[in-house]
Amino acid sequence: MDYQFKQIEKEWQKFWAQHQTFKAEVDTNKPKYYVLDMFPYPSGAGLHVGHPLGYIASDIFARYKRLKGFNVLHPMGYDSFGLPAEQYAIQTGQHPAKTTETNINRYREQLDNLGFSFDWSKEVRTSSPDYYKWTQWIFMQLFNAWYNKETDRAEHISTLIAKLETIPATEIKAVCDDDVLPLLPSDWSAMSEEEKQSELLKYRLTYLKESTVNWCAALGTVLANDEVKDGFSERGGHPVEQKKMMQWSMRISAYADRLLKGLNDIDWPEPLKEMQRNWIGKSEGAMVSFELEGHSQQVSVFTTRVDTLYGVSFLAIAPEHELVASLTTPAQKAEIDAYILATKKKSELDRMADVKTVSGAFTGSYAINPLSGEKVPVWIADYVLAGYGTGAVMAVPSGDQRDYLFAKHFNLPIVQILDAQICDTEADPTKEGRYVNSGIINGLTYKEAVAKIVAALEEKGMGYAKVNYRMRDAIFGRQRYWGEPVPVYFKNGLPYLIQEEELPLLLPEIDKYLPTESGEPPLGRAKDWKYQDEYEYELSTMPGWAGSSWYWYRYMDANNDAAFADKDKIAYWRDVDLYIGGNEHATGHLLYSRFWNKFLKDMGYVVEEEPFKKLINQGMIQGRSNFVYRVNDIDGKGTNEFVSYGQKSNYSVTPLHVDVNIVNNDTLDIEAFRNFRPEYKDAVFIYEDGSNSLSAEDGRGEAKYICGHEVEKMSKSKFNVVNPDDLVERYGADTLRMYEMFLGPLEQSKPWNTNGIEGVFKFLRKFWKLFHDENFNFQVSDAAPTKAELKALHKIIKKVEEDIERFSFNTSVSSFMIAVNELTDLKCNKKAVLQELVILLSPYAPHITEELWKLLGNRPGTLSFAQFPTFNPVYLVEDEFAYPVSVNGKTKTNLLLPLTMEPSEVEKVVLADEQIQKYLDGKTPKKVIVVKGRIINLVV
RNA sequence: GCUGAAGUGGUGGAACUGGUAGACACGCAGGACUUAAAAUCCUGUUCGCCCUAAAGCGAGUGCGGGUUCGAUUCCCGCCUUCAGUACCA
C-alpha cells in the first residue's frame with residue numbers, strides 16, 4: 001500500500017498509550033536523562049503551530065537518548081492557574097476549574113496528535129489540590145526559614161531563635177528587613193509571644209510587609225515587576241500605579257549572589273544569562289551618611305563612586321523619601337508640595353518617556369559632607385528612584401550626566417575632581433588622572449582614593465563599603481481567586497501557618513469571582529471560611545509563578561502524597577539535563593525556579609544547586625499574513641474588485657488581510673475566498689497575468705491570483721493562525737514534525753510559512769517507497785549492501801548523530817533527504833541498510849518508522865529502545881579526491897588525484913596539466929599551495 | 001541610550017576547525033505521462049555579459065576597510081532589522 005499516514009499514526013499512538021511505552025521508572029543500572037519542556041498554560045485558543053516547535057525538538061532528543069541507552073524521563077503537564085480562566089469566569093460565571101479542564105482536554109488531544117513520547121503517568125496540573133498541597137508546603141518551609149550569611153545558606157528559623165536567645169541581634173549575620181530591633185538576649189526573652197512573632201517576620205524567607213506594589217486597578221491585583229511593561233500590565237495592557245499594601249514577599253534578594261555565581265556553572269545561552277545578570281544588577285560601592293543641619297537624622301546614600309565625594313554639590317532624594325516632610329522648610333513648603341503633586345500625577349509612562357526634562361525642588365535644608373564638612377543643599381527630584389538603593393543620591397555633576405544636567409538647570413556648582421577630567425559641556429565619568437579639590441585624596445589615583453575614603457568613612461562611622469543589588473524581593477500575592485491559597489491565618493493581626501496535616505488548604509467556592517464590596521480579594525466572599533472557625537485566612541492567593549517554581553521535581557514522583565517527591569527518586573533523577581522553552585521566561589520563571597531550588601537544596605530536600613543543567617530557547621514562531629488588494633475608485637472608496645500582487649502598482653488599492661488557510665503558496669483559492677465573507681461573493685479579480693477571466697485566452701490553464709505577504713504576530717485578527725491539527729490531517733504528524741524542524745535553526749525566530757511542507761511529505765513517501773516495489777508491495781532484500789550503499793548509510797549515521805548532539809535538527813532533515821535520494825538512485829532495498837535508517841529516522845518520524853520496523857519483522861514497539869547505529873569511518877574512506885584548483889583564490893577547475901599523493905608530487909602534476917597551464921596564461925606561479933585532501937591554490 | 005542576536009538567490013535556509021558559496025527544500029520555467037486536470041517523474045534555475053549550442057568571461061554572502069596564498073567564517077569602523085532593558089546613583 002501507498003504511505004497511509006493517517007492509519008499508521010493512529011495505530012501507533014494507540015499502541016504507545018496502551019503499552020505505556022514511555023513510562024520511566026527509576027533504574028539504577030541505566031544512566032538517567034531528564035528532558036523537560038516548559039509546560040504550557042492551557043489557554044482557550046488551543047495550540048497553534050508555534051507551540052509544538054520546542055516539544056518536537058525535545059521529543060527528538062528524548063527519543064535519541066533512549067536509543068543511546070539512557071533511561072529517559074520526558075514528562076508533560078499544565079501550568080493551570082492563571083488570569084485568563086478567571087477573566088473568563090468573571091464574564092460568564094463559569095468556574096475557572098471547569099474552563100481549565102476543557103482547555104486541558106483540548107491540549108491533550110492536540111499533543112497526542114503529534115506522537116510525543118511523553119510519560120503521561122506523571123502528568124501534573126498546578127491547579128490540582130494534590131499538586132498545590134506541595135506548593136503550599138514549600139511556602140511553609142520558606143516561612144519557617146531565615147538566611148544565615150555566616151553559613152551562606154537558608155536555615156530553619158529555630159537556629160535563629162537559638163541565636164537571639166544567646167547573642168545580641170546586632171551580631172547575627174542575617175538577610176533581613178532594615179528595621180530589625182537591636183535586641184539583647186535579655187530583651188528577646190522579655191518579649192511577649194506576639195512581639196517575638198512580629199520580630200521574626202523580619203527575618204523569614206517569606207514575610208509580610210508593607211511595600212510599594214504595582215497595583216493594577218483594572219485587573220484588581222498586584223503585579224510583579226516582570227509583569228509590568230512600560231507602566232502597563234503585560235496581560236491586557238491596563239494602567240499600573242504604585243500603591244502601598246501589606247503583601248507577602250519572597251526574600252529572593254538573600255540569594256542574589258548565589259543566583260549570579262551559579263550562572264557560571266550552567267550551560268545556558270549567553271544572552272539569557274546576561275539578562276539574568278542585568279536583572280540581578282550587582283553593583284559594588286559604598287554607603288555614605290550625611291548629617292543634616294539642624295536635624296538629628298541623617299540621610300544615607302549608596303554610591304558606586306565614593307571617590308567623588310569631594311565633588312558632591314547637592315543631595316537629591318526621591319519625592320517619596322520618608323524625610324521629605326521633615327526637611328522641607330516653611331518657606332519651601334509650597335514649592336515642594338506642588339512638585340510632589342506634579343510627580344504623582346505623571347503616570348509611570350510619562351515619567352519614563354520624559355527622560356530629558358530636568359525637574360526638582362529645593363527643600364530648604366542642608367546636609368553636611370562627612371569628609372569636607374561642606375554644606376550642600378538637599379533637593380528632591382524625580383530622577384531619583386525611591387525603590388533603588390536608599391532613595392537618595394549624592395550628586396556629583398562633574399562625573400554624572402544626570403547630576404550635571406540638574407546642576408546646570410538649577411545653577412548649582414560643578415566641581416572638577418580629577419586633573420584629567422573635562423567637564424565643560426558634559427559630565428566626564430572617567431577615572432583617569434589624579435584627584436584635585438579633594439581634601440585627603442588630592443594627588444592620588446582612583447584605586448588609592450577609594451581605599452582611603454572608605455577607611456576614613458569607616459573611622460568616622462559615616463560609611464562603609466557595600467554591595468547593592470537591583471533585584472528586589474519578589475511580591476508573592478495576588479488579589480485573585482484562581483491561584484493557590486496561602487496556608488496562613490491571622491491571630492491578633494499576626495500571620496501563623498496552619499498545621500502541615502491540614503494541607504492542602506483547598507480553594508473555597510465563591511459566588512462571584514470579583515472583589516468584595518469592601519475591596520477585599522475574591523476569597524473574602526467565601527462563606528464560613530475561617531481557620532478553626534475563628535481566625536481569618538489570608539485572602540490573597542499565590543502568584544502565577546508559585547506552581548512553576550518546583551514542578552520538575554513533582555514529575556519525578558507525581559502521585560506521591562507523603563512528600564513532594566520521594567528522596568530516592570530525587571537522588572536518581574537529580575536535575576533537568578535538557579530544558580527547552582521560550583526566552584520570555586528569562587527573568588521570571590527561570591530566576592524564581594533557581595531561587596526555590598537553592599532553598600530546597602539548603603534545607604536538604606534536593607541534591608543539586610542548579611535545577612536546569614542545559615537550556616535551549618526555541619525561537620518564536622511569528623505569523624505570516626496574506627493580503628488581497630482591493631481596488632479603490634476615483635473617490636478612494638473600496639470597490640468589489642481585487643487585483644493580484646504583481647498588478648497592484650497599476651491601481652489605487654487597499655490591502656486587506658485574508659485567511660492564510662485559503663491561500664496556498666501565496667495563490668488565492670478563489671472559490672474559498674468567495675465564501676470567506678458574504679460581501680466577497682461576487683468579487684471580481686484581476687489576475688497575475690493581467691487578465692480578468694479564470695481561463696487564459698490560449699487555454700493554457702488557469703490564471704492565478706497571487707497574494708501579498710507580511711510578517712506579523714500570529715493572531716486571530718490577522719487571519720494568520722495556523723492550527724497544527726489541520727496540517728496533521730493533511731500531511732500527518734511525521735511530516736509536520738519534520739517540517740517544523742526543517743524550517744530553520746531551533747533558536748531562531750522565524751515566520752511560519754506552510755509553503756514547502758510538500759517537500760517533506762514527498763520525502764517521507766520516497767522513504768516509504770524504498771521498502772516497496774512499484775505496486776507498493778513490501779519488499780526488502782537480504783543481500784549484502786554494496787560499498788556505495790554503505791557509504792550513504794554511514795554518512796547519514798555520522799551526520800545525524802553530530803547534528804542531534806548540537807541541536808541542529810534542520811540540517812539533519814536535509815541530510816535524511818540526501819540519503820534517501822542517494823539510496824533511491826542506487827535502487828537500494830537491502831534490509832541491512834534500511835533497518836539502520838529506520839532507527840536513525842525514528843526520533844524525527846516515529847510513526848512511519850514504527851510501522852516499517854514491524855514490517856521488517858521486528859517485535860512491535862521495540863524500536864524506541866533499539867540501538868542507535870554505530871558509525872564506522874571505514875566506509876567513508878576515499879582513495880581519490882577531486883581537488884579544486886584555484887588561481888589567486890578563484891576556483892577554476894577540478895583535478896582528480898589519489899589522496900595518497902604527497903603535496904610536492906601534486907604540485908608537479910598540477911603544473912604539468914594542460915588545462916591548468918591555460919589559466920596561468922604562460923606565467924610561472926609565484927607560489928603553489930597544496931592542502932592535502934582540501935585544495936590547490938596557485939598564486940600568480 | 002545600553003546589552004544581546006542576526007543580515008547569504010524569488011523564498012526557508014546550508015557551508016561545523018578560514019579551503020569548490022548557494023547543499024536540501026519551496027517557488028518558478030520547460031518537458032514526459034494524460035482527452036484534460038490532479039498526482040507522479042525528468043531537466044533547468046545566484047546575477048550580469050557572450051552564445052544556435054558547447055564552452056567562456058565578470059561580479060557576488062548588509063556597506064567600507066584590514067589580516068591571509070585563500071574570508072560568509074578572523075580583526076576594525078559603519079548601516080539595518082529583531083529581542084531584552086531603561087533615569088540603577
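Note: Cβ is positioned from N, Cα and C throughout, glycine not excepted.
Annotations in TrEMBL come from automatic prediction, not curation.
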Motif ''KMSKS' region' according to TrEMBL, located in which of A:123-127, A:623-627, A:648-652, A:713-717:
A:713-717
Other CB atoms, at most 10 A from the CB of A:K716 (ATP binding site):
9
Do any residues of this chain, six or more beyond the ends of the motif ''KMSKS' region' (A:713-717), have a C-beta under 8 angstroms from a C-beta of it, and if so which?
45, 48-50, 621-623, 657, 752
Mind looking up the mean pLDDT for the domain 'Methionyl/Leucyl tRNA synthetase' (A:38-147) in the predicted model?
94
DSSP helix, strand and coil counts for the motif ''KMSKS' region' (A:713-717)?
2 helix, 0 strand, 3 coil
